[in-house]
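Written out below as structure tokens is the structure these notes cover.
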Amino acid sequence: MDAFRLYAHHTNPTQTYHPTRVTHFTTSMSSITLADLNYITREDLSKTLLESDSAPALPSNLAIVDVRDSDHIGGHIRGSTWVPSSELDYRTPELVRTLKDKEVVVFHCVLSQQRGPSAALRYIREKARLEGESEKEVKEGGEEKGEGAEKKAQKVVVLEGGFGKWQEEYGPDKRLTEAWKKDIWEFGY
């Protein structure tokens, strides 16, 4: 039994752990943690981009936010928006407003171990604060309960392995990666 399951079992023995279920953030802003974040694999993201009718542009329901700082050189995922992590303090409210109509928002940095997940968490908290959604109930499948028409909840995910893993597989593929420089990545990251 892994640490999460052990902890969950001791705190609530009737709770079942579902690693593949999408978490919808229905708790207060302060209780959302990095452990609550969901991830998307490079294979799933590349498939979504390649199967899009809007190629070479991103699908209209998807946004990719690259939060690398000076390590942004050497390429980026086609259609991604570059928001250096050093600018997130003042750019997160702008991101929430400009990405409000996107069904899926993907965050990443070079490894998606710290900056990418932290940016996703900051985005979720700011979205909840700005839109007042932190206490709304969300049905399984992403539909909100409440007054008025039902609306799909936005899914915020982190790219598993970050751009480092992405470029290993898709760096040379111009349909998926822009401005990729092989010599920067040939010895790893």
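The backbone N, Cα and C atoms fix where each Cβ goes, glycine too.
Annotation comment: TrEMBL describes 58-175 as domain 'Rhodanese'. Here TrEMBL flags 132-152 as region 'Disordered'.
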For the domain 'Rhodanese' (58-175), jot down how many residues DSSP puts in helix, in strand and in coil.
43 helix, 23 strand, 52 coil
Confidence summary (mean pLDDT) of the domain 'Rhodanese' (58-175):
86
